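Read through the structure below, which is laid out as structure tokens, and then see the notes.
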Amino acid sequence: MSEQGRETEEEEGGGGASDTAPMLPRGPPDHQASALTCPGWSGPPLLPGRLLAGLLLHLLLPAAAFLLVLLPAAAVVYLGFLCHSRVHPAPGPRCRALFSDRGSAALIVFGLLSLPPLLVLASAVRARLARRLRPLLPPPAGTPGPRRPPGRPDEDEQLCAWV
């Protein structure tokens, strides 16, 4: 190619790139090609730990939150049934001294009526704990999140993509 042709190509924005240059960046080397590798995680050796952490976050965390919040209502309902004469024909002396049948029925009703607000509270507790513990887990493999440029405020969400 002549010198004039090179100058014309550089002026047009060619910048030395040829038609055979790859348009997309090259993929990672084979040892990094696993979908399980994330920054800070070494991939396949930590797969059982990652699965266990996901199990704890998604199964045991809600169970613990709901149990902790709903336990008082369950105890009140249990005490109401324990001291009612139709459930136990001969309630213990403590129950007879503390509650009549009307008092036991009131405990049962109070415990059952307190369940819906406590369910909402338990759901909020579970959501907040899950949100706080989410950074401890790596993102799911194969689902990249939106990228935001560092240092930009969240006023206008701008999605960045490689072009």
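Quick reminder: no glycine exception, Cβ is built from N, Cα and C everywhere.
For 1-37 (among others), the entry in Swiss-Prot reads region 'Disordered'.
Residues 115, 118-119, 121-122, 125-126, 129-130, 133-134, 136-137 of the same chain sit 6 or more residues outside the transmembrane segment (51-71) yet have a Cβ under 8 Å from a Cβ within it. Positions annotated as transmembrane segment by Swiss-Prot: 51-71 (among others).
Residues 65-66, 68-70, 72-77, 79-81, 83-84, 99 of the same chain lie 6+ residues outside the transmembrane segment (105-125) yet bring a C-beta within less than 8 angstroms of a C-beta in it. Residues or ranges marked as transmembrane segment by Swiss-Prot on the basis of sequence analysis: 105-125 (among others).
Annotation source Swiss-Prot lists region 'Disordered' at 136-156 (among others).
Look at Swiss-Prot and you will find 136-148 tagged as compositional bias 'Pro residues'.
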